[in-house]
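Features as listed in TrEMBL:
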- 1-55: region 'Disordered' (REGION)
- 165-182: transmembrane segment (TRANSMEM)
- 194-218: transmembrane segment (TRANSMEM)
- 230-248: transmembrane segment (TRANSMEM)
- 260-278: transmembrane segment (TRANSMEM)
- 315-331: transmembrane segment (TRANSMEM)
Amino acid sequence: MQRATYGRTPPLHHPVPQHVSTVPQLRSPPPPTSQPQGGYDGSPYPQQPPVGAQPGVHNMFGPYGNFINDPAAQLATQFGQTAFRQGQEYIEQNVRRQQAHVNRFVNVSALKHYFIVTNSYVINKLFLVLFPWRHKPWTRRQATGPSGQDAWYLPPRDDINSPDMYIPVMSLVTYIFLQALISGLKGQFQPELFGYIATIALVAVVVEILGLKLGCYLLSISNESQLLDLVAYSGYKFVGVIVTISVAEIVNGGKGTGGWIGWTVFIYTFLANSLFLMRSLKYVLLPENNNDSRGPMQTMHPLDSRAKRNQRTQFLFFYSYPVQLFFMWLLCRS
C-alpha cells in the first residue's frame, strides 16, 4: 500500500508593520547656565540679599544663616544675659544673708580651722588618742605675726597637739553605723535604730559640753575658741568606744561587750582617753602663769590665787575620769 500524499504546508510569513515610527535618540542634558537677574524662582523682581550679608560670600545655611545678626535675636540675647546676671546676683545675696545668719551662732571661719587635716595627721592623732603614755610635749605650737605681738595656734595639719573636728565627726558616724551593723548581725535591725543611736550619742555630747561650759563659767575660764575646742575634745571618746565594741564583739562571738576581755579593753581605752584629755585640756583650764599676753588662750591672770588653780585642777580631773567613765560606759552599753 502506498501512503496517501498530502499537499505541502504553505510557508509562514511574519507580519510587516504598516506605519513605521522612529525612536528618538537620547542625549545628555545640557550644562547648567547662569540664572537670570529675575531670580531663581521665576519672579520678575530681583532677589534682595539678607541683612548683614556680604556681597560675593556664599551662605551655606540659606536664608537662616544670619540669625545671629538679626536685631530680634540680638535683643533676645541681651535680655537673657541680663536675666542671668540678675539671677546670679540674687543667689549671691541669699548666700551672704544665710552666712550672716549662721555666723551669728557659729564662726564659720574659725570652724574651718578644725578641718585642716592630712592623712598623716589623722593616723598620728588616732595613735596618740589610743597610746598617749609616752607622748611629749603636749603644748600647742603658735605662730607669731610680723609685729611680734599677735599670735595664733597652728592648724591641726601642722600641730599634732591641736584639736580637730574631723576625727570626732567621723568617729560619731562610724559609731552609729557600727551599732546598727551589730544589731543587723543579731537579727534585731530596724530603720528606727539609726535615730535611736544617734540621739543617745548626741545627747551625751551635748550634756557633756553643757557641763564643761558651766564649770568654765563658775571658774571664770574664757577664751576665744573655747567652745569649739571643747566640742572637739568631747568627741575623741568615740575612738575608744569603737575599739572596745569591735574587739569585744569579735572576741566574744557577738555576745556583747561583757566578759573579762571586753572589760579589759574598755578599761584600757578609758584610761588612755582620760590621760589624753588631762594633758590636752591643761592649756584651756590650767594656763601657765606668765606675763606674756600674746597667746590667744591666755585665760588666767598672774594674780589668781592658788585656791582657784586647785579648783581648776580638780574640775579637770573630775571631767577626765568620772565623767568620761560614765559616758563611755553608756555608749558601749547602748
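Any Cβ shown, glycine's included, is placed from N, Cα and C.
As the structure is a computational prediction, the values presented were derived from the model and not from experiment.
With a threshold of 8 Å between CB atoms, the same-chain residues lying at least 6 positions outside the transmembrane segment (260-278) that come near it are 128-133, 233, 236-237, 239-241, 243-244, 247-248, 251-252, 316-317, 319-321, 324-325, 328-329, 332.
Sequence-distant contacts of the transmembrane segment (165-182) (same chain, at least 6 residues past either end, Cβ-Cβ under 8 Å): 111, 114-115, 117, 122, 125-126, 129, 156, 189, 193-194, 197-198, 201, 205, 228, 231-232, 234-236, 238-239, 241-242, 245-246, 249, 254, 331, 334. Counting only same-chain residues 6+ beyond the ends of the transmembrane segment (230-248), those with a CB under 8 A from a CB of the stretch are 114, 126, 129-130, 163-165, 167-169, 171-172, 174-175, 178-179, 182, 201, 205, 208-209, 212-213, 256-259, 261-262, 265-266, 269-270, 272-273, 276-277, 280-281, 284, 324, 327-328, 331-332.
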